[in-house]
Amino acid sequence: MAASAATATATAAAVGAGEVISVHSLEQWTMQIEEANAAKKLVVIDFTASWCGPCRIMAPIFADLAKKFPAAVFLKVDVDELKPIAEQFSVEAMPTFLFMKEGDVKDRVVGAIKEELTTKVGLHAAQ
């Protein structure tokens, strides 16, 4: 039974590799963060909103970064849908990109700044 659960977890992790995972519940958020922490993976979070124009501009760039850095976990959180998570990390402007590793916030990028986001993903993914 434990082997099946481990296989299911490994399969789920592999499915998300190279893709942006949209988080729609606190339970899903907790599961994604716990799995990434256990695997000591970099987590890059895009705090976004459906009404945010710059967020829509950054979405394909964020998706490309997820493909280029499949060892990291890329999460997308709608601040209106999951307000408690946005508040927990003091997100006040969109887009805000947060970099976490083993439960600690390592860095952030506030705004639609492609060059800074790309540079910081490369920097933190290498650590």
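Each Cβ is built from the backbone N, Cα and C atoms, and glycine gets one as well.
For 2-127, the entry in Swiss-Prot reads domain 'Thioredoxin', with the evidence type sequence analysis. Here the domain 'Thioredoxin' (2-127) has a mean pLDDT of 90 out of 100.
Residues annotated as site 'Deprotonates C-terminal active site Cys' in Swiss-Prot: Asp46. The number of other CB atoms found within 10 A of the CB of Asp46 (site 'Deprotonates C-terminal active site Cys'), across every protein chain shown, is 27.
Cys55 (disulfide bond) falls within a helix when secondary structure is assigned with DSSP. Residues within less than 8 Å, Cβ to Cβ, of Cys55 (disulfide bond) and separated from it by at least 6 positions along the same chain comprise Asp46, Thr48, Ala49, Met94, Pro95, Ala112. The annotation disulfide bond is assigned in Swiss-Prot to Cys52-Cys55.
Residues annotated as active site, nucleophile in Swiss-Prot, with similarity to another entry given as evidence: Cys52 (among others).
What Swiss-Prot records for Gly53 (among others) is site 'Contributes to redox potential value'.
For Pro54 (site 'Contributes to redox potential value'), the same-chain residues that are 6 or more apart in sequence and have a Cβ closer than 8 Å to its Cβ are Met94, Pro95, Gly111, Ala112. Taken from Swiss-Prot, the feature site 'Contributes to redox potential value' applies to Pro54 (among others).
Residues or ranges marked as active site, nucleophile by Swiss-Prot on the basis of similarity to another entry: Cys55 (among others).
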Neighbouring C-beta atoms (10 Å sphere around the C-beta of Gly53 (site 'Contributes to redox potential value')): 10
